[in-house]
Amino acid sequence: MSSIKIECVLPENCRCGESPVWVEASNSLLFVDIPAKKICQWDSLTKQVQRVTVDAPVSSVALRQSGGYVATIGTKFCALNWEEQSVIVLATVDNDKKNNRFNDGKVDPAGRYFAANRRSVYKLEKEEQIPDGMCIDAEGKLWVACYNGGRVIRLDPVTGKRLQTVKLPVDKTTSCCFGGKDYSEMYVTCARDGMDPEGLLRQPEAGGIFKITGLGVKGIAPYSYAG
């Protein structure tokens, strides 16, 4: 079995990093920092980061079949032209609900962009872990980042059995995706908001982007929005 290696490839200090998406065409990783209102793209070859700041908390980003990206910004579905750093609103929901926003979003195999708002209900586990962002591997198994659990876990979606646990050096793991050459690497986002100074001293890489290699399983390419 391969030896698992975990490294912080980008010390981004995200307040709340989320929605990692691998962009195969550019060997880069997309992700967002929700409260900082930023969409970021990290080039795995040059190690450089580009950032676009938007006008509201941005909860997810995804590829678009026609080019560019789509994102959920506040309560809006938006199209993002990365080269021009411009945003076009595609649709707005819940205008009548104050203090509401999208909390997460994902494109399904049919090319539809689904997003959930902040009124979703989560189940708190025994170890005070909150299931957060997730992805599917090539064997159809589910990988879940556990917020406040400092880990990603692999589950059998049919039986619910936990198959594997990978601990990270940060507690607030938020989401995960596969990427890299042949999708054999896993990228994990995390948060630092809510941590006190002592906690940040213990976990200086909180808010960074982590890469896990040696899992012995590959992922699949992300789906693209068909609109």
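Glycine is no exception: its Cβ is also placed from the backbone N, Cα and C atoms.
The annotation domain 'SMP-30/Gluconolactonase/LRE-like region' is assigned in TrEMBL to 16-115, 116-191. Under the heading divalent metal cation binding site, TrEMBL lists GLU18, ASP132. Residues or ranges marked as substrate binding site in TrEMBL: ARG101, ASN103. Annotated active site, proton donor/acceptor per TrEMBL: ASP132, in sequence order.
The Cβ neighbour count for ASP132 (divalent metal cation binding site), using a 10 Å radius and every protein chain shown, is 23.
Cβ neighbour count for GLU18 (divalent metal cation binding site) (all protein chains, 10 Å cutoff from its Cβ): 24. ASN103 (substrate binding site) sits 10 Å from GLU18 (divalent metal cation binding site), counting Cα to Cα.
All protein chains considered, the CB of ASN103 (substrate binding site) has 17 other CB atoms within 10 Å. ARG101 (substrate binding site) counts 19 other C-beta atoms within 10 Å of its own C-beta, drawing on all protein chains shown. The residues of the domain 'SMP-30/Gluconolactonase/LRE-like region' (116-191), classed with DSSP into helix (H, G, I), strand (E, B) and coil, number 3 helix, 42 strand, 31 coil. The average pLDDT the prediction assigns to the domain 'SMP-30/Gluconolactonase/LRE-like region' (116-191) is 87.
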